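What TrEMBL records for this protein:
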type	residues	note
COMPBIAS	A:271-290	compositional bias 'Low complexity'
REGION	A:250-290	region 'Disordered'
TRANSMEM	A:24-44	transmembrane segment
TRANSMEM	A:73-95	transmembrane segment
TRANSMEM	A:116-137	transmembrane segment
TRANSMEM	A:143-166	transmembrane segment
TRANSMEM	A:173-190	transmembrane segment
TRANSMEM	A:226-244	transmembrane segment
Amino acid sequence: MRFHLSRFAVATRFTLVEHGRNRFAMVLVAVFVPVWTTLAYLAMPDTPARMRLRATGETLAPPGNELTEISGALNAVTLITGFMMFAATFSGSGFDRRLAMAGYPRAHLVLAKVTALALVSAAVAAYATAVTCLAWTPRRPLLLAAALFCAGLTYGALGVGFGSLLRREVEGMFAIVMTSIIDLALQNPISSSGADNPVMRHLPSYGAMQASTAAGFSSTPVPGHLAIQLGWFAAASLIALVGFRRSTRNSLPPPAARTPGPGRESGTSGLPAPRRAATPSPALSETEAH
Amino acid sequence: MEVADVHHAYRRRVVLRGVDLRLRPGTLCGIVGENGAGKSTLLKVMSGELRPARGTVRHSGRFGYCSQRVVLNDSLTVRQHLMFFRTAYRLADVRYAEEIMEVLGFTGYADERAGALSGGTRQKLNVTLALMHDPQVLLLDEPYQGFDWDTYQRFWDLAGRLRDAGRSVLVVSHLAYDTERLDELWRLDGGLLRPDEAGAAA
């Protein structure tokens, strides 16, 4: 158990260090979230926008600027988590492969990435919720934070998937931005006359959009829509996992017996002295393809 | 390490046409060949990074591979790289890695981020990560790119010490420099590996 915990802890620590040193992402979090959400709130008219909330079946008439602000917060959170995870995956796939081939358990690396994604999503969602609460008061801020968190998780996993499958950085950035824009613009009743269309149910942030709108303007519980969003997260994670497995595969099976390296385990700690006899290991492994 | 009848092609371009190779313990070997001859492909196959279209690769014990491309995490410091790979290799400590750093002359950069290092120092770290678990078989693809002359000499000294200690060391290069340091030298040409008559001390 200690073995697993220490490997998980080391991988998580360094994954978080990597995210923390992504200065551009930090600036995006600090500036983009408040600027985007505040502009959406201030620039849009506060006239009531009639809409039917599918999650509860209610017909609501929330102020247009508050509705757009929620959409802006979702857009900011999804772009930031998607970008952060894409950037880390794209630049780090060779390094992950090297670690895996050196013997780092891939399960621990994956768990570390999921943990980092959850922490990043939670922090960005909490921050976006706090910024929202400065401008107006959603009915259920915790539900709003939960919806933003689930959307962040989903786009983070999509970012990992894009990072594993796409070959050029610009392709991944474009994929994330366009996915988020299409996804959210189509669902916004202010900008899209088709926001009541059944097709909307199949968009990646449908669950989060419904839950966050309910958080803003309704008191009816919507656990099913958070579950839909988590379903999207699971599907995106599966794609990401397949990409990760593909990019870290090793065609050589590990040796049958592990021989200890330098250090206390082997009783040696220095560089080998010249003219010392070798002790070849009897364990052989083999890869074969025909 | 034994390589038998390895074939590989990138679509229609056949790169390896039946390569056989045996690395014996305590030998320092070299493979040379022109650009695009398939040296890096062969090393990728030997390291498990690439599955051959046909053929077998057998290896035993600890194994180290340093690719031609420097594979580091620019956000992490040199020390953090050592800690990460110490965990991967399941080593008790990083003293051995520190000795390699001393030999290659970059101990003063332990707390620098990889992204801020010069090309030569990045390559030193790249090599150190492949060596720090004292592999019994070591595959190095153009390992001295960016090294200054002094570091280059110390690298060969280190390779010789590893050979003397019974390790198998294979160095791949597009230039047949320093062939007198090698026990065996092969040339990869036309997808086949042949002993290079001009080089190799043994």
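Along the chain as shown, residues are numbered 1 onward.
Every residue, even glycine, has its Cβ placed from backbone N, Cα and C.
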Completion exercise
Lying 6 or more residues past either end of the transmembrane segment (A:226-244) yet within Cβ distance under 8 Å of it, the residues of that chain are 89, 96, 106, 109-110, 114, 146-147, 150-151, 153-155, 157-158, 160-161, 163-165, 204-208, 210-211
Problem - Contact set, same chain, for the transmembrane segment (A:173-190): CB under 8 Å, 6 or more residues outside the stretch - result: 44, 49, 51, 64, 67-68, 71, 74-75, 78-79, 82-83, 86, 155, 158-159, 162, 166, 196, 199-200, 203-206, 209
Completion exercise
Sequence-distant residues near the transmembrane segment (A:24-44) by C-beta distance (under 8 Å, 6 or more away from its ends) are 64-66, 68-69, 71-73, 75-77, 79-80, 83-84, 87, 123-124, 127-128, 131-132, 135-136, 190
